[in-house]
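I have placed the structure first, in the form of structure tokens, so that the comments after it can refer back to it.
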Amino acid sequence: MREIISIHVGQAGTQIGNACWELYCLEHGIQPNGYMNPETASQNSDGGFSTFFSETGQGKYVPRSIYVDLEPNVIDQVRTGPYRDLFHPEQLITGKEDASNNYARGHYTVGKELVDEVTDKIRRIADNCSGLQGFLVFHSFGGGTGSGFGALLLERLAMEYTKKSKLQFSVYPAPQVSTSVVEPYNSVLTTHATLDLADCTFMVDNESCYDICRRNLDIERPSYENLNRLIAQVVSSITASLRFEGSLNVDLAEFQTNLVPYPRIHFPLVTYAPIVSAAKAFHESNSVQEITNQCFEPYNQMVKCDPRAGRYMATCLLYRGDVIPRDVQAAVTTIKAKRTIQFVDWCPTGFKIGICDRPPQHIEGSEIAKVDRAVCMLSNTTSIAEAWSRLDHKFDLMYSKRAFVHWYVGEGMEEGEFSEAREDLAALERDYEEVGQDSMEVDYMEEEY
């Protein structure tokens with residue numbers, strides 16, 4: 001079987017993890033205590049969920065996952081929450097002191113004490129897999145544990161599991177909404193540390209999710225639970241073809257092959273449709289054409305940037321539910337005919353399609369309406385460079401005054417690492433600029449040299 005291990009790091013990783021496992025359990029008919037719901041057992045006989053769950057001798061299903069945080073509060077809520085019986089106690093790992101929003105604490109001092117225990121637990125889960133496919137790491141760029149410990153853990157995974165896929169789901173600092181002052185430092189440092197280690201990084205920013213909740217779901221003041229349930233639907237769509245039967249299934253390695261033209265350019269933009277409230281759902285047809293068009297609208301994106309200003313290099317459309325390939329082909333042809341959607345000239349086909357037969361699952365009490373079909377689009381576009389330049393600008397403003405740097409140096413980090421990380425991100429911005437140029441332009445520039 002092609003198993004996948006999910007690793008949830010820090011507060012953001014843990015809370016997104018809670019929403020994801022709640023949804024996976026619903027989709028596979030597994031109760032919060034880990035046992036199969038007898039009413040839905042017959043529907044889930046295909047066994048595809050063994051990619052994400054392992055089965056014990058007593059017929060209990062245990063997630064192939066690890067939760068880790070340097071302070072206990074958030075994971076304690078999992079230990080006492082409705083899904084406390086789902087997880088093995090050894091899968092929930094906590095330290096005693098916080099990373100205090102400091103990358104250096106998560107990466108060098110506090111994180112170092114915990115990393116051996118975590119890699120040991122991961123090894124134990126990996127040994128229980130017959131054909132491990134890879135890892136999904138959930139964390140935030142801005143927090144101390146998410147950025148510092150997340151990077152440290154990826155370094156270990158890269159050493160021990162060189163050939164396995166390593167995909168990240170990262171909460172990226174939003175343009176306006178900020179949860180900490182030093183977010184730009186942590187984000188630049190962790191991106192630099194993991195740039196060569198992760199195979200593919202799906203970014204979400206809270207501001208985009210807030211806007212989607214406000215505009216599409218009519219929630220005046222969205223909570224983190226609303227955001228995480230929205231993100232969980234996206235994660236579920238990306239992993240659905242690994243867990244269910246479908247007419248066009250997409251493997252983990254296929255994502256990379258189709259979405260990553262160069263190793264460093266591995267930050268696809270995530271878009272999901274339809275996101276509608278129950279009140280609006282009755283008035284919308286949600287045809288394949290309609291939901292495909294919605295994916296190219298900026299207001300359904302998970303990161304704030306303008307795709308109309310950039311060019312698409314590769315696009316992966318993952319459909320779920322009542323979808324037939326012919327409709328998809330028609331929708332894609334219409335999209336290609338639109339002049340507003342620009343592709344780079346060196347990638348003529350540009351579309352990878354996945355179709356999973358199982359429609360998205362509705363969570364009781366969730367604002368997202370039940371729909372027959374949905375699509376998640378992963379697109380590698382040059383416009384995401386906008387997000388990097390925004391982040392770099394914030395970094396520069398603080399670093400020009402060396403503000404807050406002493407907190408990092410005090411934890412054993414060298415100041416040179418800041419400028420090294422910043423240079424690496426400047427190079428990343430240039431990489432995006434170059435791949436967006438037409439091949440004719442590039443040839444012309446080379447001749448001039």
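In case you wondered, yes, glycine gets a Cβ from its N, Cα and C as well.
Quantities reported herein were computed from a predicted structural model and do not represent experimental measurements.
Checking the candidates GLU71, GLU90, GLU284 against Swiss-Prot: the one annotated together with GLN11, SER140, GLY144, THR145, THR179, ASN206, ASN228 at the GTP site is GLU71.
Here GTP is bound by GLN11, GLU71, SER140, GLY144, THR145, THR179, ASN206, ASN228 per the record. The longest Cα to Cα distance in that group is 23 Å.
The Cβ of SER140 (GTP binding site) lies under 8 Å from the Cβ of GLY10, GLN11, ALA12, GLY13, GLY146, SER147, SER170, VAL171, each of these being in the same chain and 6 or more residues away along the sequence. Rounded to the nearest whole angstrom, the C-alpha distance between THR179 (GTP binding site) and GLU254 (active site) is 35.
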